[in-house]
Amino acid sequence: MIQKRKRTVSFRLVLMCTLLFVSLPITKTSAVNGTLMQYFEWYTPNDGQHWKRLQNDAEHLSDIGITAVWIPPAYKGLSQSDNGYGPYDLYDLGEFQQKGTVRTKYGTKSELQDAIGSLHSRNVQVYGDVVLNHKAGADATEDVTAVEVNPANRNQETSEEYQIKAWTDFRFPGRGNTYSDFKWHWYHFDGADWDESRKISRIFKFRGEGKAWDWEVSSENGNYDYLMYADVDYDHPDVVAETKKWGIWYANELSLDGFRIDAAKHIKFSFLRDWVQAVRQATGKEMFTVAEYWQNNAGKLENYLNKTSFNQSVFDVPLHFNLQAASSQGGGYDMRRLLDGTVVSRHPEKAVTFVENHDTQPGQSLESTVQTWFKPLAYAFILTRESGYPQVFYGDMYGTKGTSPKEIPSLKDNIEPILKARKEYAYGPQHDYIDHPDVIGWTREGDSSAAKSGLAALITDGPGGSKRMYAGLKNAGETWYDITGNRSDTVKIGSDGWGEFHVNDGSVSIYVQK
């Protein structure tokens, strides 16, 4: 239950704005609204059935308007239960007996290929998760000369040089030389966090020819190249060549349509720019790519876009935090500020908007969960507006399976009507009425490419109310209803194209043609 403020509400002020039309990642000429789904959550069961779940869900996903899915890391991690963010062998997609298992947490390579085939047959694209920052689960240790650094300032060395035993020897005995004969050794990395000889955990910076932190990364903690495990050295030419080769192989082997880049702020920016370009050139495909640069600062994200020559998109982290704040202030958030400091307001064509993900869900390291009551409002905000490429979280659709008392319930019944609104009605010019601390709204006039298209949306974090909004002259005389089912009244669009639309307390309503 949200706390509501007593307020005299006046909704007559009209704020009109024209936003940049965003070409969709599906095709450059497609008239269909693109919608991405992150098809996993952190606590996806370790039952080896996830690729089968994805295949079985392909028709449903297409029907509700999902045009692309982001799959979890598909390669062998340091154990069968690893989510893929502790990558051991990027060439083992659940095909070889390694780390005590053939399958990954999610299933086998052939099952994944079958799932992708089913998705493609229904015009749903597939984006692979790319974890390039580090490697984990080495087969043996190696002697390395290293120094300790200050975790709060990785440029500050806090010890003399000494020998450590680092887990940096990757031989891949189960795969051998299949697909690649490249073996990883200490000189392919520039740091680690464990000395096996002393059984101590530190951040170790390696010594040796050319060894230093990659400098073109986030400046947090002095230099944020190091994150975890054995940190890959993208100043090493053999590493650069091998990783480009793998990216091309990965895209072709799974017929991928794009990528999600993990931990981008910890990886040399110019390398990521060149890596994306190399894969695009080799495959001849657009390979839509979105980078996870976790920073609640649009300026930092804009800097990353600049450093990578705008050849990638980024997740709109500032918008996520605005939505989280709006959900947690008991009706006290000024809804006129939802777009303040966001990527979608600065670079709408490069913003992947989202409400929740596997890192922000309850119990995770970046936990910043949007409260359940607000999620339908948040999804309406990212799914029915013209700017940004919106993403739906698996955990919001199907619920999360962790042990926190705050686990996310399935919101499928709330989200699917909003997806239907996006798929069938959210087209044409947009008019914004973001002019009140509680109740904000927007309309879409519709266009000729989608029959009966056009909509009017209202959301409020506090008291309900109404707004008079312009729906377009072409919609004059039509009767519109609330597709969410939250209100039973209908609205007749006047001869001047205007209508009076209503919303309940702490709720969302999306009106479309009957």
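Glycine is treated like the rest: Cβ placed from N, Cα and C.
The signal peptide feature in Swiss-Prot is assigned to 1-31; the stated evidence is experimental evidence.
ASP225 (Ca(2+) 1 binding site) falls outside any helix or strand according to DSSP and counts as coil. Shown in sequence order, ARG154, ASP190, GLY191, TRP213, ASP214, TRP215, VAL217, ASP231, HIS266, ILE267, LYS268 are the residues of the chain, 6+ apart in sequence, with a C-beta less than 8 angstroms from the C-beta of ASP225 (Ca(2+) 1 binding site). Annotation comment: Swiss-Prot describes ASN133, ASP225, ASP231, HIS266 as Ca(2+) 1 binding site, evidence class experimental evidence.
In the three-state DSSP assignment, the secondary structure recorded for ASP231 (Ca(2+) 1 binding site) is strand. Sequence annotations record features per position, and here Swiss-Prot assigns Na(+) binding site to ASP190, ASP214, ASP225, ASP231 based on experimental evidence.
Among the features that Swiss-Prot reports, Ca(2+) 2 binding site is placed at ASP190, ALA212, ASP214, ASP233, ASP235. DSSP assigns ASP190 (Na(+) binding site) to a strand segment in the three-state reduction.
DSSP assigns ASP262 (active site, nucleophile) to coil in the three-state reduction, placing it in neither a helix nor a strand. Within the same chain, residues at least 6 positions away in sequence whose Cβ sits under 8 Å from that of ASP262 (active site, nucleophile) are PRO73, TYR85, ASP129, VAL130, VAL131, LEU132, ASN133, GLU292. Taken from Swiss-Prot, the feature active site, nucleophile applies to ASP262.
Residues annotated as active site, proton donor in Swiss-Prot: GLU292. Take the CB of GLU292 (active site, proton donor) and look out to 10 A: across all protein chains shown you find 18 other CB atoms.
The feature Ca(2+) 3 binding site is assigned by Swiss-Prot to GLY331, ASP438, ASP461. Just so you know, the Cβ of ASP461 (Ca(2+) 3 binding site) picks up 27 other Cβ atoms within 10 Å once every protein chain is counted.
Per Swiss-Prot, the feature site 'Transition state stabilizer' maps to ASP359. Annotation note: ASP359 (site 'Transition state stabilizer') sits in a coil segment as assigned by DSSP.
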| remark: Rounded to a whole number of Å, the separation of the Cα atoms of ASP233 (Ca(2+) 2 binding site) and GLY331 (Ca(2+) 3 binding site) comes to 47
| For Ca(2+) 1, what surrounds ASN133, ASP225, ASP231, HIS266 with a Cβ no more than 8 Å from their Cβ centroid? | HIS134, GLY191, ASP214, VAL217, TYR224, TYR226, LEU227, VAL232, ALA263, ILE267
| field | Cα-nearest neighbour of ASP235 (Ca(2+) 2 binding site) within the listed recorded positions, GLY331, ASP359, ASP438, ASP461 | value | ASP359
| query | Inside 8 A of the center formed by the CB atoms of ASP190, ALA212, ASP214, ASP233, ASP235, which other residues of the chain have their CB, for the recorded Ca(2+) 2 site? | reply | GLY210, LYS211, TRP213, ASP225, TYR234, HIS236, LYS268
| Sparsest-packed among the binding-site residues, when each Cβ's other Cβ atoms within 10 Å are tallied, from ASP231, ASP233, ASP235 | ASP235
